[in-house]
Amino acid sequence: MANAKETTFYITISVVAFVIGKIVIALLFYKRWKRKHTIHENGFPVKGGGKMVMFRSQLLNSVSSDMFMKKTHKLSNKDILGSGGFGTVYRLVIDDSTTFAVKRLNRGTSERDRGFHRELEAMADIKHRNIVTLHGYFTSPHYNLLIYELMPNGSLDSFLHGRKALDWASRYRIAVGAARGISYLHHDCIPHIIHRDIKSSNILLDHNMEARVSDFGLATLMEPDKTHVSTFVAGTFGYLAPEYFDTGKATMKGDVYSFGVVLLELLTGRKPTDDEFFEEGTKLVTWVKGVVRDQREEVVIDNRLRGSSVQENEEMNDVFGIAMMCLEPEPAIRPAMTEVVKLLEYIKLSTRSSF
C-alpha cells in the first residue's frame, strides 16, 4: 500500500515537473520572439489611421513618416516601375540621395491580407546580397505599402529584351547571382520559402549589374518537413512547371523549372512567350527541346552573342546543359537549387583551368 502511494506521488511529481518545464520553454520562446521583433521593427501610427513599420534601415530611419506619406500621396502613373503579383510598384523619390521602390497592395479580402502578412513574416529577416531588401511597410484600412530598396538598372527582362546588348559575362554573372538568391530562399531561410513566380522580370539588377531576386507577393512559406503547399494557383505562363497544371501545388522543384526557363532566356535572348512562339502555338521550352531533338543546338544561342570567345562558347554550352537539367519533365530528376549553384560556379573554374 505504501509502495503504491509512493509510486503515485512520484508519477504526480514527474507530470507536474514536465508541465512546468513545457511552460518555461514556451515562455522563453515567446520572450525571444518578442525581443527579436522589438529590435527589428519600429511601428508608429500615421495620420489617416495607418501604421508604418520600419525594419533596421538607416536609410528609412532618416525619413519622417509625414514626409514619406506626403511623397507617397503624390505618386502618379509616371512613377510606375511595373505591375505584377499583388500590386503596382512605384519609384518614390524623397530627395536627391534617397529613393525607394514602393509596392502598393490594394486591400479588399481577408485572403489578400493573409498573403500580405505572410509575405512580411518571410521577408522581415532576409538579408542576402542576391535578394532585394525590404526596408519597411505601411498598412492602412484601404491599402498596404511595401518599401524596398530601389534597383537602378531595373529588371533582367527589360534589360535583356531592350535595345542595349547584354554580353555573356554579364549574363553568366546574373545567372549565378539569381541562383544563389533562390537557393538561399529554398534552403537557408527558416521556414523555407517557395517563390512561386521566378521569371526575368522578378530578377532585378543593382548598380553593379548583380542579380537580386524580388517580388515575394506570391511567395509561400513552407515548414521544413513539408514537401509542397497547396494554396491559390500563381505564376506566369511560359515559366510554370508542367506538373503545376495538374496538381496546383507549388514546390521547390517548380521554382527550379522556372529558373531553367530563365537560363534559356539568357542564352537565347528570347521571351518564353515570344510572338513567334505564340503564332506557332508553342513556347520557348518546347521550341528549344525540338531544336535539341533535331540536333540543331547552334541556333539556340542569341545572335548578339555571336563572335564570343572559345571559352565563352564553352560556358554557354555548359549553362545550356544545366538549363536542360532544370527543365526535366519529372520533378524528382531536377537538381536542387544548391546543386544548380555549384554547377554554375564550377563552369568558371573548369573553363579557366582549360585555357
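Note: Cβ is positioned from N, Cα and C throughout, glycine not excepted.
Quick look at what Swiss-Prot lists:
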ACT_SITE  Asp197  active site, proton acceptor
BINDING   Leu81, Gly82, Ser83, Gly84, Gly85, Phe86, Gly87, Thr88, Val89, Lys103  ATP binding site
DOMAIN    75-347  domain 'Protein kinase'
MOD_RES   Tyr148  phosphotyrosine
MOD_RES   Ser201  phosphoserine
MOD_RES   Ser230  phosphoserine
MOD_RES   Thr231  phosphothreonine
MOD_RES   Thr236  phosphothreonine
MOD_RES   Tyr244  phosphotyrosine
TOPO_DOM  1-8  topological domain 'Extracellular'
TOPO_DOM  30-355  topological domain 'Cytoplasmic'
TRANSMEM  9-29  transmembrane segment
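Thr236 (phosphothreonine) is 15 Å away from Gly87 (ATP binding site) when you measure Cα to Cα. Averaged over the topological domain 'Cytoplasmic' (30-355), the predicted model reaches a pLDDT of 81. In terms of Cα distance, the recorded positions that sit within 10 Å of Thr236 (phosphothreonine) are Asp197, chosen from Leu81, Ser83, Val89, Tyr148, Asp197, Tyr244.
Shown are the binding-site residues Leu81, Val89; of these, the residue with the fewest other Cβ atoms within 10 Å is Leu81.
Among the recorded positions listed (Leu81, Ser83, Val89, Asp197), Asp197 has its Cα nearest to the Cα of Tyr244 (phosphotyrosine). For Ser83 (ATP binding site), other Cβ atoms within 10 Å of its Cβ number 12. Recorded residues Leu81 (ATP binding site) and Ser201 (phosphoserine) have their alpha carbons 11 Å apart, per Cα-Cα distance. Taking the C-alpha positions, the distance from Tyr148 (phosphotyrosine) to Val89 (ATP binding site) comes to 10 Å. Within 10 Å of the C-beta of Ser201 (phosphoserine) we count 20 further C-beta atoms, all protein chains included.
All chains included, 22 other C-beta atoms sit within 10 angstroms of the C-beta of Tyr148 (phosphotyrosine).
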